[in-house]
Amino acid sequence: MNMQWVGASMMLLIPVLFFLGSLTNERRANWNLASAISLLGLFLSMFLGIAVYFEWVNLSISGQWVGVSKMSLVMLGLVCFIAFVNVRYSSAYMAGNVDEEKRYLRWLMVTLGCVVTVIISNHMLVLMVAWIAISLSLHRLLVFFPNRQRAVLAAHKKFIFARVAEACLLGAILILYYEHGTWFISDIYQNVSLSTSLTTLDQFAAMLLALAALVKCAQLPLHGWLIQVVEAPTPVSALLHAGIINLGGYLLIIFAPLIVLSDMAQWILLIVGGITTVLAALVMMTRTSVKVRLAWSTMSQMGLMLVECALGLFELALLHLVAHSCYKAYAFLNAGSEVESSMKRRLSRAVAPSVKEWWFAGIMSAAMVVGLIWLADLSGPYSPWLLFAIAVTLLIAERRGRLTSSSVIGMVGLGVVLLVVYTLQKNGASLIVSSMETSVGWKGDLWIGFLLVMFMVGYFLLRYHSEHIWMRKVRRAFYAGFYLDEWVTRLNLRIYPTRLPVRFKPKKLQVPKEELFQ
């Protein structure tokens, strides 16, 4: 028996089960079946991972509609795990709404089936159809509460932006088929890997892929819908932030050889993704709503993931994708408990580190990172190590935080542990997806380094000098996201207007006095 076909059949079984599960909710929502399908998908992906490790399944065979690869297996296991947790949470969240939970579970299972189809597809047309289907089915979940104006407006904007991303992806797919004469992603990956340069059409296809990823990941200025969809049910937000919005990064990873040979695609990702990373992180510091803060955090994290892809650090992008998905699923599903802890942090007074503490933290973090680079003889882009050094600097300098106070030795030790764990995880991810040398070189490193320095300046001003008169206008601008979404929304509604639900206004409700005082 051909184990390659067995593995492909097992992977194909997972989306089929999700689609069939969406059809079993005519009388009542079958939550147990949905949980069982998600759990079965997780077990099948784990079994296939073991089969690949022991070489029972050959990964080198191309020309199949279903792609069995290490990358697809990791993503498949991740999506099925998120699906299982989401379904279990949703069963309690939607309890008591008999008619609504049937509709909710039906579209949830369809969305999950489409996401899995994108992940396992090795055929570009199948990928395209499933990519479109994700957007359409997710739209039904985003407008689950059709009487909420913000939710309807966000879904409307997302609907338009999704069409833009799909147009870019379709253009890239047609160009790649014209250039390489095949619809299979694995064949294109192999052909481009053997090349040292791209044709003009391939360059254009890489640019379209980069634009599709930027729009899919809600990068500035097409980001507003991601902030406003928090009006949707909480598990929908968790699914969106943990398993759907990061598909832009997945798209770049599966077309990695094409991206690293295109200077224009890399610089588009570096500029837009880098600016989004810094601005979204600073805007997040000014917001008070837990869900809105998480949404801005997702924008920043997606921007950083796209920057990693532009620098050729695809193993780091994969690690980032998996870690972000697990964290955001937990954060959104635990948003209710986060409100209390967030309130405590805001009510407690932060102790500003002294100049000596900042110098000590900076020297210690720099020594850790430089020592590791020297001992392990590491090469490649150094801006990620600069980012890690900044994170450890903040960890050590702000050890006397809002709620807790830790010793210097403890924080330095924690920094060393984080550095070791990060290095081990990065090396582990390189066994699945390897990094590639890009043409941006030191220029890309310099650009990201400049943005990180600007982030530190903004962080210091917003955190420790936000009460100054001259900082209030700056903070107000950050809080509003520099009004970028307002301009985009106006343009959006002018080009493609929509009718929003009418709000219920009790003050204008005319009630006769006889009925009012009965």
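Note that the numbers count up from 1, one per residue, in the order the chain is shown.
Yeah, the Cβs are placed from backbone N, Cα and C, and that goes for glycine too.
Annotation source Swiss-Prot lists transmembrane segment at 3-23 (among others), citing sequence analysis.
Packing against the transmembrane segment (37-57) from elsewhere in the chain are residues 3-4, 6-7, 10-11, 13-14, 17-18, 21, 68, 70, 73-74, 76-77, 79-81, 83-84, 87, 109, 112, 116: each is 6 or more residues past its ends and has a CB under 8 Å from a CB in it. As annotated by Swiss-Prot, transmembrane segment applies to 37-57 (among others).
Same-chain residues lying 6+ beyond the ends of the transmembrane segment (65-85) with a Cβ under 8 Å from its Cβ atoms: 4, 7-9, 11-12, 14, 18, 35, 38-39, 41-42, 45-46, 48-49, 52, 57, 59, 112, 115-116, 119-123, 126, 185-186, 238-239, 242-243, 250, 253-254, 318, 322, 325-326, 329, 333, 431-433. For 65-85 (among others), the entry in Swiss-Prot reads transmembrane segment.
According to Swiss-Prot, the transmembrane segment annotation covers 114-134 (among others).
Residues annotated as transmembrane segment in Swiss-Prot: 165-185 (among others).
Residues or ranges marked as transmembrane segment by Swiss-Prot on the basis of sequence analysis: 207-227 (among others).
Positions annotated as transmembrane segment by Swiss-Prot, on the basis of sequence analysis: 264-284 (among others).
The feature transmembrane segment is assigned by Swiss-Prot to 302-322 (among others), with sequence analysis given as support.
The transmembrane segment annotation in Swiss-Prot covers 358-378 (among others) and is backed by sequence analysis. Proximity of distant same-chain residues to the transmembrane segment (358-378), defined by a Cβ-Cβ separation under 8 Å and at least 6 residues beyond the stretch ends, is recorded for 385-386, 388-390, 392-397, 408, 412, 415-416, 419, 423.
Remote same-chain residues near the transmembrane segment (379-399) are listed as 308, 311-313, 316, 350, 353, 357-358, 360-362, 364-366, 368-369, 373, 405-408, 410-412, 414-415, 418-419, 422, 435, 437, 444-445, 448-449, 452, 455-456, 459 (criterion: CB distance under 8 Å, separation of at least six residues from the stretch ends). According to Swiss-Prot, the feature transmembrane segment maps to 379-399 (among others).
As annotated by Swiss-Prot, transmembrane segment applies to 403-423 (among others), with the evidence given as sequence analysis.
Taken from Swiss-Prot, the feature transmembrane segment covers 442-462 (among others), and the record attributes it to sequence analysis.
Among residues of the same chain six or more beyond the transmembrane segment (3-23), those with a C-beta under 8 A of the stretch's C-beta atoms are 30, 33-34, 37, 40-41, 44-45, 47-48, 51-52, 56-58, 61, 64-66, 68, 72, 76, 80, 83, 105-110, 112-114, 116-117, 120. Ranked by Cβ pairs under 8 Å to the transmembrane segment (207-227), the stretches 114-134, 165-185, 264-284, 302-322, 403-423 are led by 264-284. Listed by sequence, the residues of this chain that lie at least six past the ends of the transmembrane segment (114-134) yet keep a Cβ under 8 A from its Cβ atoms are 11-12, 14-15, 18, 41, 62, 64-67, 72, 75-76, 79-80, 166, 169-170, 173, 176-177, 183-186, 243-244, 247, 250.
Panel annotation: around the transmembrane segment (165-185), residues 62-64, 67, 121-125, 127-128, 131-132, 135, 191, 199, 201-202, 204-206, 208-209, 211-212, 215-216, 248, 251, 254-255, 258 of the same chain, lying at least six beyond its termini, place a Cβ under 8 Å from a Cβ of the stretch. Same-chain neighbours of the transmembrane segment (302-322): 71, 74, 78, 213-214, 217-219, 245-246, 248-250, 252-253, 256, 259-260, 265-267, 269-270, 272-277, 280, 380-381, 383-384, 425-426, 429-430, 432-438, 440, 444-445, 448, counting only residues six or more beyond its ends whose CB sits under 8 Å from a CB of the stretch.
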